[in-house]
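Before any comments, here is the structure.
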Amino acid sequence: STMRKRRTTDSSHSSTDLSEGKEELRLKQEVGLISGVSLIAGTMVGSGIFMSPEWVLHHMGSPASSLLIWAACGLLAMFGALSYAELGTIIKESGGEYIYILRIFGSFPAFLFAYTSVILVRPAGLAAVCLSFAEYAVAPFYPGCSSPQVVIKCTAAAGILLLTVINCLNVRLATSVMNIFTAAKLLALLVIVVGGVVLLAKGQTQSFQNAFQNTTAGIGAVGVAFYQGLWSYDGWNNLNYVTEELKKPEVTLPRAVMIAIPLVTCLYLLVNVSYLAAMTPSEMLSSGAVAVTWGDKVLGSWAWLISLSVAMSTFGSSNGTFFSGGRMCYIAAREGHMPAILSMAHVRRLTPSPALLFTSAMSLIMVISGSFTSIVNFFSFIAWFFYGMSITGLLYLKIKKPELPRSYKVPIIIPIIVLMAAVYLVLAPIIDQPQIEILYIVLFIFSGVILYFPLVRFKCHPRFLQKVTLHLQLFLEVAPTTRD
């Protein structure tokens with residue numbers, strides 16, 4: 001059948017299994033509905049809503065069309081998440097796109113996704129958000145001038161290390177941090193919304209007069225505007241990465257999606273209206289950080305609250321990205337697509353600590369190596385390519401495998417719309433404004449072929465790796481996990 005059978009544990013693991021003859025070791029189901037909503041909303045609300053509005057406006061040219069982009073991005077994220085909710089109730093395994101591509105299309109495309117995601121996409125995304133956190137966190141210490149890059153990078157690295165400790169210690173601690181920071185950032189967005197309502201009540205509506213004037217119509221410009229908007233919504237699929245740790249996943253997954261994404265979409269629209277009430281379009285376009293400019297204009301001496309809110313927001317978003325990104329690495333290793341040590345969990349804390357440590361190390365390399373000014377467009381290009389593949393898999397299952405048990409069904413028109421949007425988002429910028437960096441990304445994805453055939457297909461593993469794995473197991477106190 002097309003749905004691939006689950007891999008059994010590799011025989012080589014038996015020699016390094018510390019839990020042999022003892023109670024089975026597996027990750028706990030500790031993520032409930034509130035934590036699920038926090039994971040989605042907390043990851044989505046990061047630096048994007050405080051940074052991206054000016055770029056969406058820049059590419060669209062008018063306030064009204066930029067608001068339409070924000071609404072369309074929210075609708076697309078909702079449709080994508082509802083489609084993923086059905087996938088998550090059919091394939092009840094953690095790993096998100098990776099596990100869906102593996103079970104439906106097979107090992108090779110799943111390996112390419114895992115290779116790209118674990119080595120490049122997830123660490124780069126985490127590094128970018130942590131750099132945003134660092135920039136806002138150190139800004140109050142350097143009033144009137146730009147912060148030194150070395151201070152920003154050191155702060156970002158410290159943030160990554162702190163997240164590593166939190167997530168390695170305890171799943172409940174990580175979800176508690178997520179819940180607290182999600183509440184704090186939603187409160188910060190409400191402050192901006194209320195400020196906007198007050199400004200509108202005072203008659204500051206000049207930005208909404210002739211609101212469609214100067215609208216851009218090019219398909220490439222609209223595609224790039226979508227990329228900038230969707231960066232702020234990124235995280236809508238994060239709950240699918242931890243399906244095995246959800247309490248009652250068949251109920252929790254769809255409910256968390258239906259609560260979190262409409263909530264975030266409404267807040268984003270109201271926050272953008274507040275920005276436009278406080279600033280003219282030209283002021284927004286010249287702003288380096290639109291939220292800070294809004295704070296200076298509306299809050300006066302209390303403007304520092306916005307910098308603090310953005311720092312808290314980006315740290316909370318980093319925690320959600322790290323939480324799900326570590327699981328991605330862990331699941332890929334469990335399926336034999338990454339070194340065996342990354343598929344193990346701490347014998348007492350029951351956290352996938354080797355995968356978390358690896359994700360942390362890759363993110364630190366990204367932070368040290370440079371800045372991420374163009375990461376949004378290239379991250380979105382890769383992401384929507386694989387989102388489209390996962391949605392294609394859902395359509396295949398709906399048409400060819402309708403008998404598979406599922407507790408939730410999405411109308412087929414919704415994944416079709418998401419697939420059309422994914423094709424547009426991948427092709428439009430390439431056709432309208434081709435860039436050499438896109439070619440580099442494609443070459444990087446397919447460079448995985450060099451590793452796949454010797455290491456995965458033909459299992460040519462050097463013997464010394466087994467000894468390294470054994471020593472790492474003893475040092476990290478980890479053992480292979482089992483699953484239902």
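Quick reminder: no glycine exception, Cβ is built from N, Cα and C everywhere.
Here is what TrEMBL says about this protein:
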REGION    1-23  region 'Disordered'
TRANSMEM  31-52  transmembrane segment
TRANSMEM  64-85  transmembrane segment
TRANSMEM  97-118  transmembrane segment
TRANSMEM  154-174  transmembrane segment
TRANSMEM  180-201  transmembrane segment
TRANSMEM  256-278  transmembrane segment
TRANSMEM  298-318  transmembrane segment
TRANSMEM  354-372  transmembrane segment
TRANSMEM  378-397  transmembrane segment
TRANSMEM  409-431  transmembrane segment
TRANSMEM  437-456  transmembrane segment
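Remark: the transmembrane segment (378-397) makes no contact with the transmembrane segment (298-318), by the rule of 3 or more CB pairs under 8 A. Most Cβ pairs under 8 Å to the transmembrane segment (437-456), among the stretches 31-52, 64-85, 97-118, 180-201, 298-318, belong to 97-118. The stretches the transmembrane segment (64-85) and the transmembrane segment (409-431) meet in space: the count of Cβ pairs below 8 angstroms, excluding pairs fewer than 6 apart in sequence, reaches at least three. Outside the transmembrane segment (97-118) by six or more residues, the chain places 2-4, 87, 91, 237, 240, 328-329, 331-332, 335, 337-338, 358-359, 362, 382, 386-387, 389-390, 393-394, 396-397, 444-446, 448-449, 451-452, 456-457 with a CB less than 8 A from a CB of the stretch. The list of residues near the transmembrane segment (154-174) in space but at least 6 beyond its ends in sequence, with Cβ under 8 angstroms from a Cβ of it, reads 27-28, 30-31, 126-127, 130-131, 133-134, 137-138, 245, 315, 318-319, 322-323, 326, 346, 349-351, 353, 356-357, 360, 363-364, 367-368.
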